[in-house]
Amino acid sequence: MVAMIMLRTLHKDIARYNQIDSGEDAQEEFGWKLVHGDVFRPPRKGMLLSVLLGSGTQVFCMTLITLAFACLGFLSPANRGALMTCFMVLFVCLGTPAGYVSARIYKSFGGEKWKSNVLLTSMLCPGVVFCLFFVMNLILWSKGSSASVPFSTLIALLALWFGVSVPLTFIGAYFGFRKRPIEHPVRTNQIPRQIPDQSVYTQPVPGIIMGGVLPFGCIFIQLFFILNSIWSSEMYYMFGFLFLVFVILVITCSETTVLLCYFHLCAEDYHWWWRSFLTSGFTAFYLFIYCIHYFMTKLNIEDTASTFLYFGYTLIMVFLFFLLTGAIGFFACFWFVRKIYSVVKVD
């Protein structure tokens, strides 16, 4: 329904803009067409954004393939370690798309520090996850828990990271940087256009906060059963339904972010790069709030170490979910902005 309304509105906008362009001067421009000379201006901290997008692509591919394997019956719910093993192996082996996407985006921003881009893509986000996991494991070691990962396994993980994932990321980045830069449908002006004063609803922060509500609404029911399977030793077997929820999540993140991006462009605010990533990525904040609610209402944990472990593993999950949803929202907006400015007539 939202997509149909959006298509009708855009069709009317494009027809009106093209009609004005055929008979009136440029001063009649208004709305999102007015910022065509700034909409593809490279954002600040483009290096960091490209790195996060590369890692988000890696997490997206990992999640999609894992859920597909689970739906086909390759991952048995009875084998509790199979799902996590599949996640880790796929994450290591999917360094190539991460490097490729990061390189392509960074090159489209006009970036030239390709070595820094590749190193950050292969090290930053995996490093954050590994450091959190290592700290959690230290706590388990100190408690003498049998659930702790042996030191030899950690060395094996480091070997997979530096021996497989990092080289694959370099290979993907190599092909990404060899490609020609992404050509945008309109030229960028040399002098940035001044953004007019925005209303409360078109300010960056309210839009980002509102953008995560609907995507979280798609997953919070399944999230209860997933947390039960992790922390209450209940078996989770509804992978087919989970795959459907994942598809709905992708659609909801895309439509919500595109809709808010359209409103901001109509308000002549062309800073959409980071906003599109953060709008859908903010869903991870609501995920974290729900995990706190689950901890306080469903779990009877009083030990300090156990509490620290819970929130440590929760932070890993929230961080990966932030990368996933942020990348979905960004690429949906990237396609949307390129599409609308490619069909409108611009002098």
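Just so it is clear, glycine is given a Cβ too, placed from its N, Cα and C backbone atoms.
Note: TrEMBL annotation is automatic and uncurated.
As given in TrEMBL:
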- 51-75: transmembrane segment (TRANSMEM)
- 81-106: transmembrane segment (TRANSMEM)
- 118-141: transmembrane segment (TRANSMEM)
- 153-177: transmembrane segment (TRANSMEM)
- 208-231: transmembrane segment (TRANSMEM)
- 237-265: transmembrane segment (TRANSMEM)
- 277-296: transmembrane segment (TRANSMEM)
- 308-337: transmembrane segment (TRANSMEM)
Residues from the same chain, set at least six apart from the ends of the transmembrane segment (277-296), whose C-beta lies under 8 A from its own: 49, 52-53, 207-209, 211-213, 215-216, 219-220, 223-224, 227, 231, 253-254, 256-257, 260-261, 307, 310-311, 314-315, 317-319, 321-323, 325-330, 332
Per Cβ pairs under 8 Å, the stretch of 81-106, 153-177, 308-337 packing most closely against the transmembrane segment (118-141): 308-337
Seg_contact(the transmembrane segment (153-177), the transmembrane segment (81-106)) with at least 3 CB pairs under 8 angstroms, min sep 6: yes
Chain residues outside the transmembrane segment (308-337) and at least six past its termini with a C-beta under 8 angstroms from it: 39-40, 52-53, 55-57, 59-60, 63, 125, 128-129, 132-133, 135-136, 139-140, 211-212, 215, 231, 249-250, 253-258, 261-262, 265, 272-273, 276-281, 283-285, 287-288, 291, 295, 299, 301
